[in-house]
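As recorded in Swiss-Prot, the features of this protein are as follows:
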BINDING   353, 355, 537, 552  Zn(2+) binding site
């Protein structure tokens, strides 16, 4: 039993049942409502999240109806998007017929191709859907004043100060208290609500308890919410502060990941309920009580009108047909890969992240020469670490957010003595303190006026250089406080040690286990090349609050630099190789692992720790660098069209300039377009132009005797890929709810998120400019197509074992197909652990 259940059950002693509503019902409804909210990671590591994560126990169609009723959300593109696809021939009659046959939607729904096409081309708009009512909605209707937006703004203003992570110079005096206690303490002094006409706020604060859980129970009792509508009502309230609720859900996710608890989301729900009670006390006698009594039964009936259900079904069928059209094109390309070559030792094996942006670069690299083999693997390369920068005591988790770091790796300075490192740390700390003090002087509410006059003009040179992209407006956090010489020599230290009382580094046994696991997961256990390149990835942008969203999601929203440098040092260690040999993994003496970083904005490759590469491989390295440079030019040329770059001008210069342009709202397209995840040997896709839309994971099932690697793929990278895909999907089909709006209007709040403008809810998801070029969608909304070359019984067993995987597949949140040894699709997963031939 969790703490929330224990505390709520304790109320049985002091609280009578709410008519037919029991405390158990409140516990269950509160938990379900909170579980419906997907987490939102802060900007410092903005990883992609499936915005429908709390709804995967529903079918896609049922979730669409639920969200339409609870917050007027869309889960499909506008109808004319599909109509245009039909008109252009992209969606065929066969696609429409297949969608109707597969979806099996209940009536009312278009039941024939003719009916579905008639619906697609109809000029009638979709019927309006009225969300479930709240007291704020009713008060808005009755009084003509938008109390719903007022409440959202009020909570958002408070939350921005309370959750601030260091942006504000005047911290909330109650920041150390739990959220609900802090809000009550501030509300006791704040008269904004009364000044705006919510005179019932003081009464609500007096009548409602001082703990969040008791407040939820008491408020539900006062408003007399029916049990069958309680979850819907509480979920609806959380959706009115969706962004802040999502951030609170992240705090809970993070706490639970490390074995703890967090009740901030419950506190936010209680705060929102206090506003409901306050509005009730303020306007009940002005018609709100009567209006609430009339509309409250809607909470127990979430059924849409018949015309709305027909429109929703039609849109879902059109979406399915659109996905069918992509499947048809993708399947036609697969099976046309270059014939597999006779196994022989390659000059270079280059492992990249499975990220869709790597597909373009990998294909370009393979085009430059036939003696390079590329490999796809999650960008943390099997090394889940917390990387602690120099002079810090804590670092970021360099692994997927589904995992916790297993090792703490500290940063050191290569070649420096202990005393020298101590002096470097002291200098960095001093520079950081001075910079912080200077920044406080610049931006503090009082001193900023004295700063602008005498000092402001001195910034003219920097302003010009920043504008021209010659300098960065803000130093990169990883380099801040370090001089140029030191930056060139910082590196991970693997030897066991301590930071405070925390052990750091890895023992030999731990290094061997991690190395073996990584190599097996990459299907790289023999036939090693002379150079094995491990290329993590990151991005280079300026003036971009969501910059970490362009970095590596598998590295927790960081670049993959730390992971590849750690991996390479371990894999080049003779002691590790000796132990690996005992496990049957023999790495030749002339094989050298090399760490690199792929800049996805510029398609440049940076190679790290060149001084550690033996002289015997100098020519190999020089040739590899030439190959990487040539591949970068090819990749930039391919991406130029989508970036609307003038192909007659210098493409390379223009692409690199975008990464330095602080006015550029689209420095790169990120993972826009992502639509497929393929786990198979590279031979199955080699030479096939997949347009940078496919996650490519190398996997050879014949080397996976117990299918543990397959299980890892289907429960980690496949899930992460679906999160990315559905984040882009949600941000495209309903940017109002699941995206972050217009990037040019963003204001960073508390360094943790953005507002669109100066008020409103915290925004989630991606900016509109990340999915749309101003004229057309760049990201085509479609659910992820997973294609795996593995025995069907093995995949079925994994689906049956893991509930989340089964929910995603059985409820239609992603598609799964089986490949044969030619790369041809043979079967599709049909739900309920059944497969059908394709």
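Every residue, even glycine, has its Cβ placed from backbone N, Cα and C.
Every protein chain shown contributes to the tally, and the Cβ of residue 353 (Zn(2+) binding site) ends up with 30 other Cβ atoms within 10 Å. Using the Cβ center of 353, 355, 537, 552 for Zn(2+), the list of other same-chain residues with Cβ within 8 Å runs, in sequence order, 352, 354, 357, 358, 379, 536, 538, 551, 553, 554, 555, 560, 598, 600.
All protein chains considered, the CB of residue 537 (Zn(2+) binding site) has 27 other CB atoms within 10 Å. Cβ neighbours of residue 552 (Zn(2+) binding site) (same chain, under 8 Å, six or more residues apart in sequence): 353, 355, 379, 380, 536, 537, 538, 558, 559, 560.
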